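J.: Here's the feature list from TrEMBL:
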type: BINDING; residues: ARG45, GLY46, ALA47, ARG87, GLN204, ASN255, LYS256; note: substrate binding site
type: SITE; residues: CYS165; note: site 'Transition state stabilizer'
type: ACT_SITE; residues: ASP245; note: active site, proton donor
Amino acid sequence: MIDAISFTNGTLRYLDQRFLPLQENYVETRSHSEAIDAIKTLAVRGAPLIGVAAGYTVILGLQSYNGTKEEFPAYFDNLIADVEASRPTAVNLFFATARMKEVYDRHFEQDSLDTLFNRMRDTATGIHDDEIANCDAMARHGVELIRRDLSDSLAKRKLTVLTHCNTGTLATGGSGTALGVIKHAWKEGLIEKVITAESRPLLQGLRLTAWELEQENIPFYSISDSSSAFLMQKGMIDFGIVGADRIAANGDTANKIGTCAHAISAHYHKIPFYIAAPVSTIDITIRNGDEIPIEERNADELRTIFGTQVATPTTPVINYAFDVTPNRFIRGIVTDKKAVVGDYDQQLKQLID
Ligand SMILES: CSC[C@@H](O)[C@@H](O)C(=O)COP(=O)(O)O
């Protein structure tokens with residue numbers, strides 16, 4: 001299995017995803033600033049994996065602390081603020097820092113710094129372990145839902161599924177969110193092939209999802225992002241499933257830019273379109289998608305392709321990294337606790353409670 005991220009003997013090791021699939025570079029670091037840069041530059045990416053990386057980054061920051069206990073609260077606040085400033089949309093990052101802050105709030109007064117740091121190290125490892133287990137649970141709930149929703153088609157043939165961006169091991173550390181469901185459905189004999197949309201501008205679908213599918217021997221085709229409506233029109237797609245970076249209380253879902261266009265096309269063509277995400281991706285404090293902060297990234301991500309200039313350096317660019325799919329275009333949300341269909345307001349709240 002791909003080793004997307006690990007933490008051993010005080011060292012963070014991650015696979016630098018920027019150069020995949022052409023180069024497999026593993027990076028080791030003990031510096032929290034370098035780890036923050038890895039999150040910012042998308043060397044480490046994918047909503048759940050960003051959460052895992054955030055937990056370990058806090059541990060790196062603690063390891064390099066050499067002040068007194070009295071000075072520690074100010075250092076810890078700055079460290080958390082720096083980690084939280086790395087990427088704004090994936091709520092898993094804030095979920096991870098909240099878990100670290102909780103340990104701090106509960107134990108700082110009575111613990112020695114050593115004991116406190118050990119507790120936080122366990123918490124960071126726990127976040128990682130939870131994400132792995134979440135993927136397995138999502139895979140089971142997702143396959144159940146697909147069997148139910150697509151039983152008529154499944155009685156006649158295997159299915160073709162559309163996905164977007166990368167939601168596999170590289171994005172989670174486990175089997176994946178949407179891609180975890182797809183892998184499990186493939187093993188269960190439900191899937192004929194996967195259609196993976198390239199996911200411009202950073203090509204997580206073309207580079208990363210394709211790479212993971214190849215390793216699993218799952219048949220697939222890559223397409224340009226703009227092809228999905230035409231393929232649906234031709235009856236070449238049975239359902240869509242993607243991940244999420246943040247899900248609002250009403251089910252509106254932020255995911256990699258391009259997702260909303262696939263979802264609208266699926267709705268028009270009466271094709272079920274699902275989201276798969278752990279409960280840690282649900283932000284119950286946000287009522288709807290309008291309130292989700294959407295990351296805007298550097299214009300050069302669009303003007304260049306892998307360092308090659310393809311537009312003039314002065315070309316004005318709009319480069320949102322995510323879009324928001326309104327809940328009415330989403331047939332179901334598969335979480336680690338259960339799959340939720342319809343009435344998201346009520347059911348997502350119950351999941352959190
Ligand atoms: C693994 S679920 C989230 C994904 O669908 C996706 O939007 C994502 O991984 C985020 O993309 P990123 O590559 O971190 O910018």
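Backbone N, Cα and C atoms are what each Cβ position is placed from, and that goes for glycine too.
Would you situate these features in the structure and describe their surroundings?
T.: Other Cβ atoms within 10 Å of the Cβ of GLN204 (substrate binding site) number 27 in total over all chains.
All protein chains considered, the CB of CYS165 (site 'Transition state stabilizer') has 30 other CB atoms within 10 Å.
According to DSSP, ASP245 (active site, proton donor) sits in a coil region rather than a helix or strand.
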J.: For the recorded substrate site, enumerate neighbouring residues of the same chain (Cβ within 8 Å of the Cβ centroid of ARG45, GLY46, ALA47, ARG87, GLN204, ASN255, LYS256, site residues themselves excluded), in sequence order.
T.: ILE50, ALA90, CYS165, ASN166, THR167, ALA171, GLY243, ASP245, ALA321, PHE322
J.: Using DSSP reduced to three states, classify GLN204 (substrate binding site) as helix, strand or coil.
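T.: The three-state answer is helix.
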J.: Among the binding-site residues ARG45, ARG87, ASN255, name every one whose Cβ is found under 6 angstroms from ligand 1, counting any of its atoms.
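T.: Among ARG45, ARG87, ASN255, near ligand 1: ARG45, ASN255.
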J.: When DSSP is mapped onto helix/strand/coil, what comes out for ALA47 (substrate binding site)?
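T.: Its secondary structure by DSSP: helix.
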J.: Please list, in sequence order, the residues in the chain of LYS256 (substrate binding site) that are at least six apart in sequence and whose C-beta is under 8 Å away from its C-beta.
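T.: Listed in sequence order, they are HIS164, CYS165, SER199, GLN204, VAL242, GLY243, ASP245, ALA321, PHE322, ASP323.
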J.: Including all protein chains shown, what's the count of other C-beta atoms within 10 A of the C-beta of GLY46 (substrate binding site)?
T.: 31
